[in-house]
Amino acid sequence: MPYKKYIRFTRQRIRHWHWLSDTPAMLCWAVVMGVLGAYAILIFYEGIYLVQRLATGHYGSITQVTRSLSWEMRLLFPTLGGLCAGVLLWLAGRKKVSASADYMEAVVIGDGRMSVRQGLLRILSSLFTVASGGAIGREGAMIHFSSLAASVFGRFIYVRPERLRLLVACGAAAGVAAAYGAPLAGAIFIAEIVLGSMSIQVLGPLLIASATANMTMRMVGHYKAPYEMLDIAAVQGWEIISFVILGLLIGLVAPGFLKLMTF
């Protein structure tokens, strides 16, 4: 088909543009990863609502969806949702692939390539589980979806493996920022826990991707703070010293806590 030939021709041209993997280009790609990550989260939300509408005629929180259902449907809905999720997860595990199945694995020990087939099947499995009231978090699948979108995009433009790993990390940071509404935490989490580096070459693109994802969610009207903060009185006088002492104590205790986790 004509569009396939055009895509193939475009990729062949892009393959020789080595500057697409340079540092200035990566900062621009970080913006793209932020937008892709935000829309991956939006697509996941819409997928949940679509499954709920098709199955029950309602959508929203699981309590809102099941409130108007009969007791038989309240039993059948999560049962069928779990069955669909199980079948999809079984299909995902049947096919052996060379690419990584998890975004952390793709970034830490892989070359940034993620299995599209396995990834989509696992994401759909999580989607059916969440839509039918299953007791799993939706954020993990959202972050995986965002990372997968980044991996596919990076492979399309033929970036170098080390740069593809950074793009996937940017996608993960964007997913955290969009899913939790926490752009700074998303960038720092991926930099410190996943990549193990806080260098500006790593943290810079992650911050850009996270901030872009957060702004995109705000622009489309889908941003909502996970926790509502009450009005807090301004800290005055000697109270500041108590906060300084608290910070020092936490800083001293934190390394010991981390050691206990690996004891």
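Cβ atoms are placed via backbone N, Cα and C, with glycine included.
Sequence-distant contacts of the transmembrane segment (20-45) (same chain, six or more residues past either end, CB-CB distance under 8 Å): 14, 123, 127, 138, 141-142, 145-146, 148-150, 153-154, 157-160, 163, 166-167, 170-171, 173-175, 177-179, 201, 204-206, 208-217, 220, 222. Marked as transmembrane segment by TrEMBL: 20-45 (among others).
For 75-93 (among others), the entry in TrEMBL reads transmembrane segment.
According to TrEMBL, the transmembrane segment annotation covers 119-136 (among others).
Sequence-distant contacts of the transmembrane segment (142-159) (same chain, at least 6 residues past either end, Cβ-Cβ under 8 Å): 11, 14-15, 20-21, 29, 32-33, 36-37, 40-41, 43-44, 102-103, 106, 112-114, 116, 119-120, 122-123, 167-168, 170-172, 174-176, 178-179, 213. Look at TrEMBL and you will find 142-159 (among others) tagged as transmembrane segment.
Tertiary proximity for the transmembrane segment (166-191) is limited to same-chain residues at least six positions away from its ends with a CB under 8 Å from its CB atoms, namely 26, 29-30, 33-34, 36-38, 40-41, 103, 106-107, 112, 114, 138-139, 142-151, 153-154, 159, 197-198, 202-203, 205-214, 216-217, 223-226. Annotation source TrEMBL lists transmembrane segment at 166-191 (among others).
Residues or ranges marked as transmembrane segment by TrEMBL: 197-217 (among others).
The feature transmembrane segment is assigned by TrEMBL to 238-258 (among others).
Listed by sequence, the residues of this chain that lie at least six past the ends of the transmembrane segment (197-217) yet keep a Cβ under 8 A from its Cβ atoms are 23, 26-27, 29-31, 33-35, 37-39, 41-42, 146, 166, 169-171, 173-178, 181, 183-184, 186-188, 190-191, 223. Tertiary proximity for the transmembrane segment (119-136) is limited to same-chain residues at least six positions away from its ends with a CB under 8 Å from its CB atoms, namely 44, 47-48, 51-52, 55, 62, 65-66, 77-78, 80-82, 84-86, 88-89, 91-92, 101, 144-145, 148.
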